[in-house]
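Residues or ranges marked as transmembrane segment by TrEMBL: 6-25, 37-59, 132-152, 164-184, 204-224, 231-248, 254-273.
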């Protein structure tokens, strides 16, 4: 059963990450009248949706009893403040990572992602600057994601609390950190145009996919491990690029990309390869 959950969660993660990257990139480059939605508010809304989904799942596990749900939340969260505080570290890192994803998809490959600007900079300089910002965002997200994933896996596998309870704790701190980011970076825009400025149907799809990703990643770490989660994410990047090339036709892969794709596929195969133990040699 655990093996089936392992590969099911991995498959869903690949699908979710691929869909999220493509829809998020499109939503950040879509030209519409009025202000564009704020990525900082989208991160907060995704965390709140994740908390609501986890509470419903805990409610289901409590045999649909509100009294049992209240007891579980009180016993596992309020009565264990130190256990809850442990989730503040990975939560802050995941919040940073989610915001960096929006930054990367808004700046990488400037010919496709770059929004029109009133700046008088030369287009080549603008493109180079955008690529640098996007690259730094991706690198920072990669390093922070690795640490947060290992830390979260350790917490999940060393305690008896359910993955949904842990996600509620994670989402609680994520919402706080996210709101701090909204106030610091986008406070003026929110006060001027509102918290949900620029939101449309596509924006809500992105938010729901991001909330789903938090749940799926937690399940993958619980039933598999953080390394396999990284491989699944890498496979989704390759799949996203192939879709961009063959369907969207907005990306031309280079030799470096093909080398990276081969390394990822090889690493995935080696991770899942289980060699048969050599038999004992027969004595003459």
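Yeah, the Cβs are placed from backbone N, Cα and C, and that goes for glycine too.
On a predicted model such as this, the values are computed, not experimentally measured, just so you know.
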Out of 6-25, 37-59, 164-184, which stretch has the largest tally of CB pairs under 8 angstroms to the transmembrane segment (204-224)? 6-25
Per the Cβ under 8 Å criterion, with at least 6 residues separating them from its ends, the transmembrane segment (164-184) contacts 38, 40-41, 43-44, 47-48, 50-51, 54-55, 57-58, 61, 72-73, 76-77, 83-84, 87-88, 90-92, 94-96, 99, 152, 155-156, 190, 195, 214-215, 218
